[in-house]
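Novice: Shown below is the structure under consideration.
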Amino acid sequence: MNEDEAIQNITKKIEREKALINAANAMRSQTNNEAVRSPLDSQMRDGRRNLQFFEEKLRDIQLRKVGQGVEGMSLGADDAGRPPPPPKDASSAAWGDQAAYGQQSQVGPPSDLAPPRHNFGAPGPGAASKARPNFTKLDLIKYDTPYLGPRIQHMLSQIQFKLNVEEQYLKGVEKMVQLYGMEGDRKSKADAAARRVESKQKILLLKQALKRYEELHVDMDSADAQDDDSINTPNLRKPLSGQLSIRVVAIKDVDHATTGRFARGPETFVAVKVEDTVMARTKVSRNDRWEAEYHNMEVDKANEIELTIYDKPGEHPMPIAMLWVRISDIVEEMRRKRIEAEMNSSGWVSADRMGSTGAPSQFPMSPTSGSFGGSPQAPGGGQGQAPGPFGDPAPQPQVVTGPIDGWFNLEPAGQIQLEFSFVKENRDKRQVDLGLGRKGAVRQRKEEVHEMFGHKFVQHQFYNIMPCALCGDFLKYSAGMQCEDCKYTCHNKCYPSVVTKCISKSNAETDPDEEKINHRIPHRFQPFSNVTANWCCHCGYILPFGKKNCRKCSECGLTSHAQCVHLVPDFCGMSMAVANQILEGIRVQKQRQQKTTSLSEKTLRSGATKSPTTAGHGSSASFSSAGAGSVPGTPSAEATEAARLMYNQTSPQRPGQPGRAPSDLSAAAAASAAMAAAQGRTGYDSGPQDPYGQGHYGAAGPAPQHHKYNPADYANVDQGFPAQPPAQQRPPQPQQQQQAPPAQMPPQQPPPQQPLPPQPGQQYQQQQPAAQKPQPQPPATAQGAAAGPPGSQRKALPSATDPGTGARIGLDHFNFLAVLGKGNFGKVMLAETKRSKRLFAIKVLKKEFIIENDEVESIKSEKRVFLIANRERHPFLTNLHACFQTETRVYFVMEYISGGDLMLHIQRGQFGTKRAQFYAAEVCLALKYFHENGVIYRDLKLDNIMLTLDGHIKIADYGLCKEDMWYGSTTSTFCGTPEFMAPEILLDKKYGRAVDWWAFGVLIYQMLLQQSPFRGEDEDEIYDAILADEPLYPIHMPRDSVSILQKLLTREPDQRLGSGPTDAQEVMSQPFFRNINWDDIYHKRVQPPFLPQIKSATDTSNFDSEFTSVTPVLTPVQSVLSQAMQEEFRGFSYTADLD
């Protein structure tokens, strides 16, 4: 519908509402009967509200129409040569100027619970970014809600779904009536007939409500609703258990059942259903009011409450109105009430409500403060602590919130006054105001993958209604199968019947089965305005409202998300069940034909031989056509398989590497495998120019030096896009490699027959003369760095089976002195070598636990990340000295950092701004190094940041790191520590490096304010806070601190600070770090603001006494691992520099 049609449609609706209001007013003036006047007054109130809603929509369309005409007009000749605005606020010249980010319009009163989307994105020309309205699903069903537009969309979807379910229920009841009639069971037949009457009445009420909302709905493009983020959020949608309390107070303006002329009013009561089971029922009332109607009930894993109002005009009760409330919405509303009460009592405000005045003079981080430095402080005291409203933690009074009370809309007419509350059954409940504390990380358990025609089906528990893509029936709050690649969703019983290939695979269009099916008619998907409950025919999730992300086939009527259209098979007019039956028949017939053909070929070719010369020419011709080079012959299957295993080619191809022809790849693999076999090793040699030929940390010869950290690389950070850092530049390559295409430029000199792209599993030469150590390449300009593809600057990952350069060691080389930490993974223990008495921290993990939880690959990945940290001896990353294993355990021997972690120190005393800034700068450089090497950390928190005796930090615990994550790469594993998890992780979306910068923002917040920005009584409440709440700040907090936190804690990952291709440079250029000399920070030339103290080398007072008081022994393991299990850990041992 275009603008003119929408204007005409809304004008008609406005005229209709005015006529209804005038008619009701005229009727009201003609009577004094309050029983008649009351519904007329209600009708007039609703009409005025609808009239206001239509007039606002009319103004919006008219303004949009005018804006479209102005948008294409040029404002002057000077605009033609202007570049587009930068994607990030690089200059940060006007932090308080909201116009720099687009005008913000808030629906309803200002609030601190829902920040606007795209806070810092560059606005498009003529576009004004609107703030996300601050309402919950419970707000939409309240009678006095100001959000009429979202309410109409929400109720259209809900009522349509309820109508579909009730119609299915009625069909079942009618069958029951027929069966009981055939059996002669009169009592059961009468009960079923009564249920049939009630079901028909409910369908009538739902149709009336649906018609009313359809009349109010405005079909226009601007009504497009964003995808409901909570639809894909299992934590918000999972069933809840606990105690539900409901008080029914009164109802009004309902359409009561008709009674006789002289009869009294009908008896009315309210039934409360939880998951279709009647849990409570009020007393009957004739005046629509109830006194002391309190009902407490225990619910177990429930989703929704249904309240049905019944009238009893005769023998059987008749439903007259209904209301549905989700239990999760009640919990969220109570959490928000508690947060609002705490916010009002503490005096803290959100960033957009802070004053524009400058920071008070007592704050050490004012814009005019000097550079970093200062004398060491005593333990627990940090230089630059700020007393007053900013320095002190926010007061955390114990706020007791009452029940939710209000009038709620009934369908199809009327209101009901309710009081309800819900107390969750929390086994791990904790007080919100306890401050910072240790919290373990969580990781999604790896599920069993069921391969089926390219699909990787994994069982999921769905907490909402979803249809099966195969049979079409609904999965109602139950488990189902979903493909990890294309999100194809079906029943557990249906996935074995799926024979359509996973269309996300590259060879789907050449699948022989699909080519042979006669019915290959593509769907004609077109955008349509979704105003009712429709589901995607592929992934099963409900479609959002509007046209933007909704598609519908004009021929068969299938509906789909816009992003799922290309995944739907071309079976228009045929159900998926029938299509799968046909394809299954084709597959069985093809197998029979292949068996027959193979038997005949054996008979016909028993005496025939093929000329080797002809075969060789044919193979060479095919290679020439593929452009593979001069490698003769087609590789054998054995050679290709050996090369695949050697290079461990299991990870997906990186975006920066262009795909090769299959023959090209197989030939290269075969050639490499042959050369490796000839040289008698499992990897190819590093050339003299190998940038990493010196080996890993602790290799023989002089230790590798740091790359020169050139301050000139950051000279342009204030201009927004600084030069590329030297760590991303490649060392000089041989002449023949420099002339090759950038995407094929390997980090090591390959065999001369075939250049290969860098492989994750390739190994480095472990020893080389020191004279051949490469020199760092001079830093390139930003333009030069951006000229090549991203893949040309990536560094190859180390091998998980690298044995290192030192002598083999074992458990008998160490004496264990103390336990430093414990977790689900095992222990971290302090140990010393028996010969030299050197101290190390040894991480001990049980093999049985690793195998049971399918964490073998994670352990190998952790070792590779350690080797990446060892590669340049990064000053702020924990280094690995050795790995070894016994029959029952594996051991990581790491450097011992005796200063403890930052969690212990912040619990002893607040850091202050200067100390927090110092630690944040060093953490920023550590994250920068990880990201430059394709690693995201995913578990940044105070517990994992250790403090050395010289006052500098080191990041530890690489168990959740993910490799091969470059700019643009994504993953989807649900993992991290709850308070630090980014919204995209919670929403089960693909995420990239930006999750580390979100956690970095939470870390800075905790160091500055000694509390977490997102808090709750349990994990679910923390997740709710991350998705809905806006962090609060002291009213006088420095503007630079608020600015960087606001930009790092942006919910949209593509708009978050640090999410761009320059990564850490965006963070380093912020005014919060304006006094930082990054070269001095990297080389530890800045005096730390605090030095931890120990009494002796083996003093463990900086570690939690809960762990250090435990006797340092290894508990015996009773289980015995099989030889196959032990093979999983082959190649794990590694030694660098132990004596």
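Here the Cβ of each residue, glycine as well, is placed from N, Cα and C on the backbone.
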Novice: Select from 429-448, 649-668, 1049-1068 the stretch of residues annotated by Swiss-Prot as region 'Disordered'.
Specialist: 649-668
Novice: Select from 454-502, 993-1041 the stretch of residues annotated by Swiss-Prot as zinc finger.
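Specialist: The range carrying the zinc finger annotation in Swiss-Prot is 454-502.
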Novice: Check the binding-site residues Leu820, Val828 for other C-beta atoms within 10 angstroms of each C-beta and report the one with the most.
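Specialist: The residue with the densest Cβ neighbourhood is Leu820.
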Novice: Which one of the binding-site residues (Lys822, Gly826) has its C-beta surrounded by the most other C-beta atoms within 10 angstroms?
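Specialist: Highest number of other Cβ atoms within 10 Å: Gly826.
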Novice: I'd like the per-state residue tally for the zinc finger (454-502) from DSSP, helix first, then strand, then coil.
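Specialist: Output for the zinc finger (454-502) reads 3 helix, 20 strand, 26 coil.
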Novice: Averaged over the domain 'AGC-kinase C-terminal' (1074-1139), what pLDDT does the predicted model reach?
Specialist: 86
